[in-house]
Structure formats: structure tokens, C-alpha cells
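Below is one structure, written out as C-alpha cells, with a few remarks after it.
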């Protein structure tokens, strides 16, 4: 979920500076690959879908994971926060470390690691083994997010960059709407290990499609650290990153444990968890577009409205979520509210960066991604107490800080 619904809205300005950053070779110039450039775009979209589904898979499987491995739900929550921290650290580093390496090979290597991580998760005998597998997931998350964002400019013509970028990051929305609920459904039917095994098999297919379709994707010039430092020193950008952290931290302190909340607080049966997660994801897409209608002109007002809505819905679980109907309604409203977060924050960050400085904007996107991944850490560390006390204090506190 740290990978959010921003991708559903084409952003031509962002794509232009992505292209400026790496002085890239057109798709047609190198390697065999597939002749249909849009197949390449969809292949990359499958990569983002795969990694985001893997990232969020434990959300729908938290309770059975804890029961099987003999640990608490709070400790099982580390399966979300541990990879999130590593992804936050690795995403900006990947932009710098990639240099002129072939992006196709990097993406393939990361997908191979994702397969290994899912297989290890499926076979994990203890929570320690599962967390070790999730460490690998963290590296994959950070690397794929850092690489995938700039590939649209490499694969399609200038006039199609916006659509291609929307498709690539549309894998994020698709993972939220389809991937996580399907994973939860598989887990309920055949066990959580089967869900990770199915994800490993799907990742094998994604790797095969990428190897078949993508051409060689070298770059002639990499991003420099000095430009990043100049941008991060700007107060509006610092404010944007801090706001990202607070928004997503407040959200994930509760969402990481949405399954036990729905089951234990709202009294919703196991058979409905996948359906409700699907409804949550669909509501998030609706919120994404609703926010997009107003965010360009009223960015600050949109972010304030989202903060108030999130505080109200998350707190609503403590006040009105003790029935199946109340829990369902609050979850859908929650999805609508959180769906606008990425659009609002990305709009803020794009306005905060000065127009002449296009190169650093790619790093700002990665930094914002890092902030959103880092927000998952408090979920695993703090939410043991939150769940046991059945309180949303810290969630409300983070939203009030925003």
C-alpha cells in the first residue's frame, strides 16, 4: 500500500523530468525484445503488480500466520514493517547505484529475488525464517520501484509517456484491488503458505514475460548525489516528506492489522475478508480520482480534507466498528480517504521542486516512496500495544500532526 494509487492518473510533467534524468536510449535501438512496445509496458506493470502484492500479502493473512508460527499478531506485523524499512533505504540508493547498468537485467534480477523470497516465505518453519524472506522482499520493493518509474520514457514515444507511466504504476492499484484480496482468498482456502507459493509461481511467469518482451535498456548518464542534496535542503520538500511519513504512518498503524480488526472488533467472518479487501481497494481507486479533481488547484485544502477524513474513519473503528455493518462502512470510507493521499502528496512535491531543476525530481519521487515505505515501521513496532488495548490513539495523533 506504500505503493499507492498515484499511478492511475497520468502525469506528463513527471514523465518529462524522468526522461531528462537519464538521457536514455529509445526502445527500438537495442536488443531483440518484443516488437510491440505496449507489451513491454504491460510487462513492467506486471512487475509492479507482483512486488506490491507480495509486499501487502501478509495484511490479509496476518491472523493465520501468527497462529501457525506460534507468535503474536504484533510480531507477525513485522512482516510488513521489516521490508518497508529496507525498501525505504534501498529505493534512493538504487537510483544512484544503478549507474549505466542495463535496466532489463536489474529488473530481471530483482524479480528472481522476489521468487526466492516468496518460496522461502511459503516454506518458512518459524517467524525468523519468514522475516528473513521479507528482508529479501524489502530489497526487491525498493529496487523495482526505483527502476520501473523511468522505463516509460524508454519504451514509448514522447506523446505516449503519460499513458505508459499510468499503466506501469497501474499495477499498484491492481495489486490493491485484485492481488491482496485474491491472496487472502487463497490463504483462507488452502492456507497462507499456499498464497505465498502461488505468488512465487506468478512471479516466475512475470519474469519470463519480462525476459521475452523487454529489450536491452542501458543508460548513458546517471543521477548525481549533489542535485539530490540541493533539493532535500528546501523547506517545502522537507515538509512534504514529513507529511508523507505522518500520513502513511497513521494509516498503516491500523491497516496492517485490518484483518484482526474486522474479525475481532467488527465480528466479520473469515469468508468475507477477501471481499472486503477488494471493496477497500476499489474505494481507494475512487478516492484517487476524486482527489485528482481538486488537488491541482487546492493542494493544501485537499491534504487537510484527507487528514480529517482519515482521522475520522480510523477513529470510527474504535467508536462505531463493533458491528459487521459498521466495520464494513468504515472500511470503505477509509479506502476512499486514503486513496487520495498519493495524488495530493505527489502534487505537493511537484510544486515544491523548482521548475528548472528537473533532474532531482526523480529522486524526490523516490524519496517520497522511501518515506511512505518507512511509515510501515511503526506499524510493526507500536501496533502490538495498539491492538491489545483496542485503541487508535497513535493513529489519531499522527493524523492530528499532519
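Backbone N, Cα and C atoms are what each Cβ position is placed from, and that goes for glycine too.
According to TrEMBL, the protein carries these features:
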TRANSMEM  39-61  transmembrane segment
DOMAIN    40-402  domain 'Major facilitator superfamily (MFS) profile'
TRANSMEM  73-99  transmembrane segment
TRANSMEM  106-125  transmembrane segment
TRANSMEM  131-151  transmembrane segment
TRANSMEM  163-186  transmembrane segment
TRANSMEM  192-214  transmembrane segment
TRANSMEM  235-258  transmembrane segment
TRANSMEM  270-293  transmembrane segment
TRANSMEM  300-320  transmembrane segment
TRANSMEM  326-348  transmembrane segment
Whether the transmembrane segment (106-125) meets the transmembrane segment (39-61): three or more C-beta pairs under 8 angstroms: yes
Local confidence of the domain 'Major facilitator superfamily (MFS) profile' (40-402) - pLDDT mean: 78
Stretch-level contact, the transmembrane segment (192-214) and the transmembrane segment (163-186), CB cutoff 8 A, at least 3 pairs: yes
The transmembrane segment (326-348) and the transmembrane segment (235-258) contact flag, 3+ Cβ pairs under 8 angstroms: yes
Top Cβ-contact partner of the transmembrane segment (235-258) among 39-61, 163-186, 300-320 (pairs under 8 Å): 300-320
Intrachain neighbours beyond the transmembrane segment (39-61), with Cβ under 8 angstroms and 6 or more residues off its ends: 1-3, 7, 27, 33, 76, 79-80, 83-84, 87, 107, 110-111, 114, 117-118, 137, 140-141, 144-145, 148, 151-152, 155-156, 164, 167-172, 174-176, 179-181, 183-184, 187, 192, 195-196, 199, 202-203, 206, 209-210, 213-215, 255-256, 258-259, 273-274, 277
